[in-house]
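Undergrad: Handing you this structure, nothing more for now.
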Amino acid sequence: MSVETLSVESRPASKVGAARVGIGGPVGSGKTRLLEQLIPRFIERGTKLAVITNDLTTHEDAERLQQSGLIDPEQVRAVETGACPHTAIREDPTLNIQTADELESLYPGLDLVLIESGGDNLASTFSLDLVDYWLFVIDVAGGDDIPRKQGPGVLHCDLLVVNKFDLAPYVGVDLERMRRESLQARGDRPVLFTNCATGQGVDDVVEAIGQAVLFDQS
Amino acid sequence: MLILDRILGQASEPELAERLHQIGHVGGLELLQVSGDDVQRRRLRLTSDAGTDCAIRLARTQRLSDGAILLLDTERAIMVRTDQPQYLMVRAVDAAGALELGYFAGNMHWSVRFDTDVLAIQIKGEVQDYLDRLTPMIESGKVQVESPCVP
Ligand SMILES: Nc1nc2c(ncn2[C@@H]2O[C@H](COP(=O)(O)OP(=O)(O)O)[C@@H](O)[C@H]2O)c(=O)[nH]1
Ligand SMILES: [Mg+2]
């Protein structure tokens, strides 16, 4: 019987996979540190997750997470991006897609795959073929004019995370102004402030991801 | 929140068209407006025109498109509506302008289509953002911008 002759209700459903969430942003802004804060929180709320990190030529971030004791090391994979980290998350995300597919087939109950991009500049964005939702992490030490610089990452991400707010007094950054200008540049799409050294503000990031792609009841 | 996790079919299929027509008569057809960027997503949260909070969660092999039916029962259906992507048509006045425009658009990571001497740049967000970036090239007469359109 062909699909056309099946009644609509009896057409076979395909298996819905895990949510895929990207974490992008410049080198050193705190992406891996954010992962280290997110992982225990997701595990705590019963979300089954796996992690993919993208590094230029090493597996440093993956190894750091594998050795963290926060997550089963088998559930952390490294993708080696070669020269241009943004290529692996945007123009040709095949390697990342394959790695996520592999993790999903090895761990059928996965709810969430977090994908950290290799650090890049403010222009890096994620392909929506690869992820359902993506965060862009900048830090206050980069200067409070970053939101005004209109980088595509800052403008187009689903959630902007401004990390290292604890450093604001040392680098002369006005957090309120940064919040205002971030919201303005992003047409009021969400911006959250975190201190990933201590975990302050990270619960709100978990909440935002939960609402957007894990569909928590609120 | 209503979870919608499969595409049941397309509104254009004869069997579905007939049923949608009937459901439309009793006011049960809800439309879900999905923007040009969001249509690529497998998961998203949107409110239908009837105010239903919809959580879409599709298999990686499925893809939203205009007319996709996400819910269908005897009195109610939910159908996707998408905008056609808009393009900014930029004409290079000569080969030198074309080289510069191509190089620049690539550096900006814009999605483009080639149409002989016109570069069709897909507009994601505000068209003004694109015009702002192109201002130096427009003012120096290397390229000419035609109004945004669906090619
Ligand atoms: N003070 C402070 N340091 C942080 C914070 N988040 C990350 N760091 C530090 O910043 C450095 C770079 O962080 P990392 O997560 O490796 O950055 P990545 O390159 O974006 O993955 C590390 O030494 C972190 O410990 C924060 O919120 N406050
Ligand atoms: Mg890192």
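In case you wondered, yes, glycine gets a Cβ from its N, Cα and C as well.
The following feature annotations were taken from TrEMBL:
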| type | residues | note |
| --- | --- | --- |
| BINDING | A:GLY25, A:PRO26, A:VAL27, A:GLY28, A:SER29, A:GLY30, A:LYS31, A:THR32 | GTP binding site |
| DOMAIN | A:21-192 | domain 'CobW/HypB/UreG nucleotide-binding' |
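I would like each feature placed in context: is it buried or exposed, what are its neighbours, and how far apart are things?
TA: Applying an 8 A CB threshold to same-chain residues 6+ apart, the list for A:PRO26 (GTP binding site) reads A:GLY119, A:ASP120, A:ASN121, A:LEU122, A:ILE138, A:GLY142. DSSP assigns A:PRO26 (GTP binding site) to coil in the three-state reduction, placing it in neither a helix nor a strand.
In the predicted structure, the domain 'CobW/HypB/UreG nucleotide-binding' (A:21-192) carries a mean pLDDT of 89.
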Undergrad: Near ligand 1, meaning Cβ under 6 Å from any of its atoms: which of the binding-site residues A:PRO26, A:GLY28, A:GLY30, A:LYS31 fit that description?
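TA: By the Cβ criterion, which requires under 6 Å to ligand 1, the hits are A:GLY28, A:GLY30, A:LYS31.
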Undergrad: How many other Cβ atoms sit within 10 Å of the Cβ of A:SER29 (GTP binding site)?
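TA: I get 25 for this one.
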Undergrad: Determine, for the GTP site, the additional residues of the same chain whose CB lies within 8 Å of the mean position of the CB atoms of A:GLY25, A:PRO26, A:VAL27, A:GLY28, A:SER29, A:GLY30, A:LYS31, A:THR32; present them in sequence order.
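TA: Going along the sequence, the neighbours come out as A:GLY119, A:VAL137, A:ASP139, A:ASN163.
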Undergrad: Around A:GLY28 (GTP binding site), which residues of its chain at least 6 apart sit with Cβ under 8 Å of its Cβ?
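TA: When sequence neighbours closer than 6 are ignored, A:GLY28 (GTP binding site) has A:GLY119, A:ASP139 within Cβ distance under 8 Å.
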Undergrad: Which binding-site residues from the list A:SER29, A:GLY30, A:LYS31, A:THR32 come close to ligand 2, meaning a Cβ under 6 Å from one of its atoms?
TA: A:LYS31, A:THR32
Undergrad: Among A:GLY25, A:GLY30, the binding-site residues in question, whose Cβ has the most other Cβ atoms within 10 Å in this structure?
TA: A:GLY25
Undergrad: Here the binding-site residues are A:VAL27, A:LYS31, A:THR32; which one has the lowest number of other Cβ atoms no more than 10 Å from its Cβ?
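TA: If we count Cβ atoms within 10 Å for the binding-site residues A:VAL27, A:LYS31, A:THR32, the smallest count is at A:VAL27.
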